[in-house]
There are 2 protein chains.
Amino acid sequence: MSAPLPILLGGLLLLAGTAHADELRNRASAIFQPIPEQVTEVRGKTINRDQAVLGHKLWFDPRLSRSHIISCNTCHNLSIGGSDNVTTSIGHGWQKGPRNSPTVLNAVFNSAQFWDGRAKDLQEQAKGPVQASVEMNNTPDRVEATLKSIPEYVAEFKKAFPKDKDPVTFDNMAYALEAFEVSLTTPNSPFDRFLKGDDKALDAQQKEGLALFMDAGCIACHNGVNVGGQGYFPFGVIKKPGADILPEGDKGRFAVTNTAADEYVFRAAPLRNIALTPPYFHSGEVWDLEEAVAIMGDSQLGRQLKDNEVKAITAFLHSLTGDQPQVAYPVLPASTATTPKPE
Amino acid sequence: MSAPLPILLGGLLLLAGTAHADELRNRASAIFQPIPEQVTEVRGKTINRDQAVLGHKLWFDPRLSRSHIISCNTCHNLSIGGSDNVTTSIGHGWQKGPRNSPTVLNAVFNSAQFWDGRAKDLQEQAKGPVQASVEMNNTPDRVEATLKSIPEYVAEFKKAFPKDKDPVTFDNMAYALEAFEVSLTTPNSPFDRFLKGDDKALDAQQKEGLALFMDAGCIACHNGVNVGGQGYFPFGVIKKPGADILPEGDKGRFAVTNTAADEYVFRAAPLRNIALTPPYFHSGEVWDLEEAVAIMGDSQLGRQLKDNEVKAITAFLHSLTGDQPQVAYPVLPASTATTPKPE
């Protein structure tokens, strides 16, 4: 007995769909990788649990700032996508920083840190905001004096860096922060589940968006495990966006390399969890993800993306939101009489 | 065979110590009560778990502030004793508030909230800082618009307040915050373990301090479960402290009652976890707990406490530090296109 036509057709469509999904997955897998379930080493060194435990406390400790009210988490807030969701961060004295705060989530997978890649890794990065006058406005000496004034911290640094004679250092603070930060990854996004074989993890529009993301050339800059975060590219390859979005005064990587070719060059934004971290671009001037996609099409690809194309790519970008880190809010050791006072 | 003399004497001393501890405990138990293990109701209403879960998110949500960078937890930081450990809080635009931030820990046990008791309960209290221009600088309308723009919050409010037609209200926000805050208690302090029968929970100096705290008259204001937080008393019953500590412009409860007798009257500070929450007094001008104790002796009791007395009372106050709440750092629902932007 032969199957009724609708079932047959349904079966054929299903087969076609699977074939299409497999093809899409194969193409995508050559360009992207899923977020690993766990990061166990950093720069070839196995992560020491005591360092990560210490880093977890330091991450939330407002005493790393001169005012004692700004912590790493203030601008890289783990409850809202590892960023602060304001145009540019507000720091010491309510000063506005020059650029939008990049997310800490999956930052370990970026080839370098900051919008201009001026820090080669998270340890080096961590030292920046602590000292920046518009951010935490502290000094290495003052941070060390603060940490050394708190016996529980001294004990934890000793435990985390057992080979060091004088373990309570600014460098070790930064290393402990890095050891914590490498745990801030977001595996299991719909896109990653699709990459791993689950055809249903993406809906039709997201699959269309993924195909378009690859076909239109977005992948020239946004590829790899972080869908970006690897290379440096001019903002405005084809057409410079307006000064509202690309302020003239911020020449990006030029400030790092002092090379004319690096004017208005930035690290390609990693797009993991991008739906959680508006506003967009280094200027933080665009709140709407669809608008950001359209601007990218125009400025980087010289292509006026159609409305349905923008929507499909945006739908795909939403599939990059993974499981957010589940983190305890730590109880911090108390200050003592010798702890430098907030200023 | 009779016991050797040293053992006999040791036994007698132990008995004497136990008798003394029992007497001290009996006296103390008439004045103080231990922090309960759990608070299950507030103002006669059983706490609804959905309200507490919602309140936990709201507590950490910086979008309750106009700037989107200040949350309840900014000034009542659960990692450092439920306060901010700065002289007076820094709020919107880096403005300094008029008074030192009181801890949220065990605040449910205070008879009223704020230094001047102007809010009768935590629900009423929660509405203050959200609206204060020097704190979160928001408005009820803007908060409601923010919460209503986030579908997950709308669903959580519906679940938490199932009988309400329009559950996403400023009042319900405050009630949910209260439902969370009542969980922020610190049972199991050495003092509470002593009250419950553990003689060894306090050392000799702490016991001496406790006896002195009762004998010298500190308990006239600092009594009950929170060792304070119940009544209103003039700061400077006997002798007004200097204007650095008691600024002339802040007349305390007078602003609430407009009664001359309430000039420079404040709610007696609850002393639970006081060792964790410097600086002290409503002005936040005293960082050292021993100094604060000496000032209290002088201004409230007209007594120049001796150095060893100050040290003993301070040692007792350290025994009021209980188990700090273990709280997860929540993942918050994402903003949408209609969420009011930070200002």
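Placed from the backbone N, Cα and C atoms, the Cβ positions cover glycine too.
Database features (TrEMBL):
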- B:Cys72, B:Cys75, B:His76, B:His92: heme c 1 binding site (BINDING)
- B:Cys218, B:Cys221, B:His222, B:Met296: heme c 2 binding site (BINDING)
- B:50-158: domain 'Cytochrome c' (DOMAIN)
- B:204-321: domain 'Cytochrome c' (DOMAIN)
- B:1-21: signal peptide (SIGNAL)
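Structural mapping of features recorded in TrEMBL.
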residue  : record                : DSSP class
B:Cys72  : heme c 1 binding site : helix
B:His92  : heme c 1 binding site : helix
B:Cys218 : heme c 2 binding site : helix
B:Met296 : heme c 2 binding site : helix
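Figure note: comparing Cβ neighbours within 10 Å for the binding-site residues B:His92, B:His222, the maximum is reached by B:His222. Here heme c 1 is bound by B:Cys72, B:Cys75, B:His76, B:His92 per the record. The longest Cα to Cα distance in that group is 15 Å. Nearest in space to B:His76 (heme c 1 binding site), taking C-alpha to C-alpha distance over the binding-site residues B:Cys218, B:Cys221, B:His222, B:Met296, is B:His222. Using Cα positions, the member of the binding-site residues B:Cys72, B:Cys75, B:His92 nearest to B:Cys221 (heme c 2 binding site) is identified as B:Cys75. Between the CA atoms of B:Cys72 (heme c 1 binding site) and B:Met296 (heme c 2 binding site) there is a gap of 30 Å, rounded to the nearest whole number.
Of the listed binding-site residues, namely B:Cys218, B:Cys221, the sparsest Cβ surroundings within 10 Å are found at B:Cys221. Of the recorded residues, B:His222 (heme c 2 binding site) and B:His92 (heme c 1 binding site) place their C-alpha atoms 33 Å from one another. Cα spacing between B:Met296 (heme c 2 binding site) and B:Cys75 (heme c 1 binding site): 25 Å, rounded to the nearest whole number. Its own atom aside, the Cβ of B:His76 (heme c 1 binding site) has 23 Cβ atoms within 10 angstroms in the protein chains shown.
Secondary structure of the domain 'Cytochrome c' (B:204-321) per DSSP, as helix, strand and coil residue counts: 50 helix, 9 strand, 59 coil.
Around the Cβ of B:Met296 (heme c 2 binding site), 25 further Cβ atoms fall within 10 Å across all displayed protein chains. Around the Cβ of B:Cys75 (heme c 1 binding site), the number of neighbouring Cβ atoms within 10 Å comes to 24. Taking DSSP states H, G and I as helix and E and B as strand, the domain 'Cytochrome c' (B:50-158) has 51 helix, 6 strand, 52 coil. Taking all protein chains in view, 25 other C-beta atoms sit within 10 angstroms of the C-beta of B:Cys72 (heme c 1 binding site). Here B:Cys218 (heme c 2 binding site) is positioned 28 angstrom away from B:Cys75 (heme c 1 binding site), judged by their C-alpha atoms. The CA atom of B:His92 (heme c 1 binding site) is located 37 Å away from the CA atom of B:Cys218 (heme c 2 binding site).
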